[in-house]
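One structure is given below, encoded as structure tokens.
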Amino acid sequence: MSSEDREAQEDELLALASIYDGDEFRKAESVQGGETRIYLDLPQNFKIFVSGNSNECLQNSGFEYTICFLPPLVLNFELPPDYPSSSPPSFTLSGKWLSPTQLSALCKHLDNLWEEHRGSVVLFAWMQFLKEETLAYLNIVSPFELKIGSQKKVQRRTAQASPNTELDFGGAAGSDVDQEEIVDERAVQDVESLSNLIQEILDFDQAQQIKCFNSKLFLCSICFCEKLGSECMYFLECRHVYCKACLKDYFEIQIRDGQVQCLNCPEPKCPSVATPGQVKELVEAELFARYDRLLLQSSLDLMADVVYCPRPCCQLPVMQEPGCTMGICSSCNFAFCTLCRLTYHGVSPCKVTAEKLMDLRNEYLQADEANKRLLDQRYGKRVIQKALEEMESKEWLEKNSKSCPCCGTPIEKLDGCNKMTCTGCMQYFCWICMGSLSRANPYKHFNDPGSPCFNRLFYAVDVDDDIWEDEVED
């Protein structure tokens with residue numbers, strides 16, 4: 001190796017190491033060579049797809065995805081002793097998403113670039129071409145069809161093959177080739193199957209999007225602080241960004257209040273909802289367990305064929321058979337009516353507790369004719385009638401009577417003074433303040449100047465003035 005070639009190689013490798021970061025260029029340890037990773041800049045809304053008639057049978061054949069990043073092309077090279085004065089670098093070009101024919105076309109163009117730069121270093125020109133011109137050179141546009149090269153059609157050639165050999169570049173969808181494909185030995189599509197390729201592309205795209213997000217600055221719309229993306233989180237549907245500290249507090253408040261269905265984007269009127277994975281990343285394990293449990297319960301509540309065991313010590317979900325009102329808990333074996341949640345009673349009407357009479361009456365009054373018939377069938381007409389009558393009586397008593405302060409018996413006052421006597425327990429009480437009166441001297445309450453009802457024995461009593469005047473004249 002001449003000293004000029006040696007110096008040129010060292011300078012070129014040093015320049016590449018200073019231009020590119022460690023993820024894009026790595027110098028080999030034992031030989032004059034290295035590895036470069038070429039990350040292509042894709043146009044916006046770039047789509048990839050697999051056609052339904054692909055050679056490989058896929059469960060999701062015919063799918064289409066919009067991506068922002070594709071896995072890099074990898075150029076591995078070794079510099080011979082007489083580079084750059086006489087010989088080109090020996091290299092291999094590998095990529096997951098380009099077919100062997102397309103990679104071979106790129107290899108051929110790298111050879112042409114060497115011929116143009118013969119006698120001078122060429123690695124930077126190669127890397128710039130691969131990064132900036134690959135898509136245009138191969139006529140790749142969106143949507144781009146993913147394909148795996150068929151090894152049965154491949155006739156490999158060596159790097160010393162005739163330069164006059166023409167290669168089919170392929171297009172955006174990798175057009176069909178009538179003649180046998182010729183593939184360069186240096187072109188490697190390093191992927192096992194089309195299904196693996198799809199998953200690798202999607203995983204890489206997601207990882208790169210996260211990496212770009214983490215390195216940018218965002219303004220949190222809650223605390224109005226500017227923070228790195230690594231300290232922020234975005235909602236997947238709307239892409240609204242907030243800092244993790246604010247979202248953590250927001251999620252914790254909602255979960256403690258039991259509002260697990262309301263972990264929406266804080267942006268007004270935005271319907272985006274946080275995923276369970278995002279919630280788990282921000283809140284503590286105990287709160288996430290509560291969130292997970294309440295979310296499952298709310299989901300089960302939306303299922304018409306799921307009820308809960310009414311036993312307080314159990315409360316496990318029970319599947320309800322269609323057309324059957326009996327539920328049997330698989331945990332405690334309790335048989336219950338799925339309508340009233342009491343012990344199963346066969347064809348007998350459901351029993352209604354006093355607390356539920358008001359709800360039953362309101363439900364019946366607001367129901368249409370069809371729902372009224374269902375309620376009559378479920379509870380029985382006598383129970384419905386009883387509910388209506390009892391609630392009417394209760395409303396009348398609340399409006400026209402007061403309860404005895406001693407025994408609670410409803411008392412109606414028609415006329416007379418405000419000293420009342422309970423018909424149930426015979427207790428004296430004041431109709432104005434509802435206080436109990438002394439049995440020895442019940443009128444002291446109205447004669448005592450310190451009493452709030454002083455001189456109010458006949459307060460609010462309607463007296464016929466004409467009769468009173470007649471009695472005075474007599």
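Every residue gets a Cβ built from N, Cα and C, even glycine.
Keep in mind it's a predicted model, so treat the numbers as computed, not measured.
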According to Swiss-Prot, one residue among S142, S348 carries the annotation phosphoserine; which one is it?
S348
Quick check for the class: what is the C-alpha distance, in angstrom and rounded, between C422 (Zn(2+) 5 binding site) and C223 (Zn(2+) 1 binding site)?
64
Nearest of the binding-site residues (C220, C223, C404) to H240 (Zn(2+) 2 binding site), judged by Cα-Cα distance:
C220
Suppose the Zn(2+) 6 site is C430, C433, H445, C453. Which further residues of the same chain have a Cβ inside 8 angstroms of that site's Cβ centroid?
N418, W431, I432, G435, L437, F446, S451, P452, R456
Neighbour count (Cβ, 10 Å) for H345 (Zn(2+) 4 binding site):
15
When you rank C265, C314, C332, C417 by Cα distance to C433 (Zn(2+) 6 binding site), which of the recorded positions ends up on top as the closest?
C417
What are the other residues, in sequence order, whose C-beta lies within 8 angstroms of the center of the C-beta atoms of C404, C407, C422, C425 at the Zn(2+) 5 site?
P405, C406, G408, T409, I411, T423, G424, M426, Q427, F429
Hey, of the binding-site residues listed (C220, C223, C243, C270, C407), which one tops the CB count within 10 A?
C243
